[in-house]
Amino acid sequence: MELINDFLNLTAPFFTFFGLCFFLPPFYFFKFLQSIFSTIFSENLYGKVVLITGASSGIGEQLAYEYACRGACLALTARRKNRLEEVAEIARELGSPNVVTVHADVSKPDDCRRIVDDTITHFGRLDHLVNNAGMTQISMFENIEDITRTKAVLDTNFWGSVYTTRAALPYLRQSNGKIVAMSSSAAWLTAPRMSFYNASKAALLSFFETMRIELGGDVHITIVTPGYIESELTQGKYFSGEGELIVNQDMRDVQVGPFPVASASGCAKSIVNGVCRKQRYVTEPSWFKVTYLWKVLCPELIEWGCRLLYMTGTGMSEDTALNKRIMDIPGVRSTLYPESIRTPEIKSD
């Protein structure tokens with residue numbers, strides 16, 4: 001057994017390199033033809049039933065509007081009931097023929113089953129499940145005194161998607177439907193102070209890649225790995241290490257830094273286009289894909305860059321981080337951040 005592994009240790013890199021040289025050109029030519037075909041024969045969403053979790057703000061809200069513009073029937077769910085009703089009303093005005101709202105918390109298994117049951121009771125079918133609900137927690141790991149308070153991050157970001165997917169899967173099989181899994185580029189581009197958020201998104205990525213193999217062609221899965229998008233995080237809204245909801249745009253500047261923030265509406269349009277074309281992955285903005293190559297080829301460089309941009313000296317305030325100092329340069333914030341996330345009037349509910 002050891003002899004076989006020793007042989008593979010020597011030969012696998014060599015054969016992989018030359019194998020890729022011959023395999024990649026025809027493979028990407030096939031992918032190119034496939035993309036043309038899928039664009040021409042993109043799915044018509046009119047009358048399709050779409051369930052979106054976390055639909056009260058950010059990408060989830062914009063996904064509701066994008067699906068509505070294409071004539072889909074919507075089941076929208078979130079914890080903030082009043083805000084959810086506002087989104088539903090706008091979706092109706094944009095063209096959705098039927099919208100139902102479900103006030104629920106995806107971190108609770110019973111709520112996830114109820115979300116799906118209410119959708120099926122109302123519409124009788126389910127075509128797309130969009131697992132979008134999520135939350136962000138920002139804190140250095142060593143500063144978290146009670147680790148159990150971080151459980152909510154994984155309960156919402158990871159288990160919420162798992163619970164809802166399990167409940168919806170029989171109906172998605174019947175309709176040969178689609179699942180949208182909202183992971184993040186944070187699954188590989190791991191910024192400090194967000195250890196549990198990063199872990200939840202990495203778990204989500206791995207889980208749905210496994211599900212894709214298990215389900216085969218019965219249910220198509222699109223995994224979304226957005227970069228920095230208009231959202232509550234880029235507005236400066238997050239949970240502390242002790243589970244307290246905080247609005248702090250200075251910390252936002254530290255965590256987002258000099259990375260341009262893309263619009264949530266543009267991101268939603270790219271996601272829906274990708275789902276209708278049966279794309280396996282959607283990354284928005286698309287240039288974030290190159291960060292994965294850097295992670296694979298030069299992981300030490302990524303770690304060094306993160307320490308340089310995000311971290312501070314021992315005992316020093318986060319405001320001294322290089323990210324924050326760059327953002328404090330006049331004109332930088334207005335150039336890189338859309339006006340919607342620069343306003344000081346951010347809701348704290």
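Yeah, the Cβs are placed from backbone N, Cα and C, and that goes for glycine too.
Per Swiss-Prot, the features are as follows:
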TRANSMEM  10-30  transmembrane segment
BINDING   54-80, ASP105, 197-201  NADP(+) binding site
BINDING   SER184  substrate binding site
ACT_SITE  TYR197  active site, proton acceptor
ILE59 (NADP(+) binding site) to the residue listed as 'substrate binding site' - Cα separation in whole Å: 12
Spatial neighbours of ALA64 (NADP(+) binding site) that are distant in sequence (at least 6 apart) but have CB under 8 A: ILE52, ALA55, LEU74, LEU76, VAL87, ALA88, ILE90, ALA91
Neighbour-count leader, CB within 10 A, binding-site residues: ILE59, LEU74, ALA199: LEU74
Rounded Cα separation (Å) that holds between ALA199 (NADP(+) binding site) and the residue listed as 'substrate binding site': 10
Helix, strand or coil at SER184 (substrate binding site) [DSSP, three-state]: coil
Distance from SER184 (substrate binding site) back to GLY54 (NADP(+) binding site), taken between C-alpha atoms, in Å: 15
Distant-in-sequence Cβ neighbours of the residue listed as 'substrate binding site', under 8 Å, six or more positions away: TYR197, LYS201, THR225, PRO226
Count of other CB atoms lying within 10 Å of the CB belonging to GLY54 (NADP(+) binding site): 28
Assigned conformation of TYR197 (active site, proton acceptor) - DSSP reduced to three states: helix
Tertiary neighbours of ARG79 (NADP(+) binding site) (same chain, Cβ under 8 Å, six or more apart): SER56, HIS103, ALA104, ASP105
Mapped DSSP class for ARG79 (NADP(+) binding site), helix or strand or coil: coil
